[in-house]
Amino acid sequence: MASLGVNIDHIANVRQARRTVEPDPVPMALMAELGGADGITIHLREDRRHIQDRDLTLLGQTVRTRLNLEMAATTEMVEIALREQPDMVTLVPERREEVTTEGGLDVRSQCKSLSSVIDTLQSNDIPVSLFVDPDRNQLEACQQSGARWVELHTGRYAEASWREQPITLARLIEATEQARSMGLRVNAGHGLTYQNVEPIAAIAGMEELNIGHTIVARALCVGLQEAVREMKCLVQNPRRDPLFGSTSS
């Protein structure tokens with residue numbers, strides 16, 4: 001049964017749109033936990049477009065589940081992670097011109113530098129996950145890098161047409177099996193919604209789904225606790241066959 005990590009970046013986006021103090025993502029993280037979140041995910045970007053350093057510090061002091069810090073593999077971010085000691089770091093690619101993370105890390109071409117970052121963090125008791133596309137070559141590079149986890153990028157699945165979705169889903173199923181056979185633990189995320197999450201949650205060996213935008217959007221209608229509760233129900237009780245996405249009897 002997969003667990004649910006709630007990404008609260010989009011709450012900070014609303015705050016930063018007016019450069020003000022509200023909504024504050026710190027108490028909102030508590031509301032997400034009260035709704036059933038198994039963890040809180042934030043992305044501290046180099047340009048600080050949404051989550052700020054004070055958010056990370058305060059969340060580290062207040063989150064009662066676990067705090068997953070998404071970040072680029074830069075010297076500055078490594079220093080921040082070592083200081084703040086999140087429960088996990090997920091290394092992600094980052095480009096200033098992108099609206100959101102657009103693809104997985106190219107671990108193959110950066111394996112040496114990433115290995116150094118991973119070793120530094122894990123030797124300080126911070127487990128590291130790598131955000132990657134569901135590609136065997138990338139998974140092999142993840143294994144070589146020393147990372148213990150991968151987070152599979154579900155963007156292509158989320159954006160696929162109904163004809164293409166079974167193909168992209170099959171790739172994620174295969175990648176999960178491959179990663180686990182290499183000794184890697186598997187999370188997934190990006191673009192998942194209330195409408196498409198169940199087949200991903202039903203994949204054998206999937207440990208956690210990190211979901212943000214759709215939960216925050218739903219919260220505008222029903223409140224954050226209820227929005228998280230609804231998603232948690234789908235993640236923990238998926239009703240769809242993970243190969244074909246059809247409703248089971």
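Along the chain as shown, the residues are counted starting at 1.
Glycine is treated like the rest: Cβ placed from N, Cα and C.
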For the 3-amino-2-oxopropyl phosphate site that Swiss-Prot gives as Asn7, Arg18, Gly212, His213, the extra residue out of Gly35, Gly36, Gly191 is Gly191
Lowest local Cβ density among Asp9, Glu70, which the record lists as recorded positions, within 10 Å: Asp9
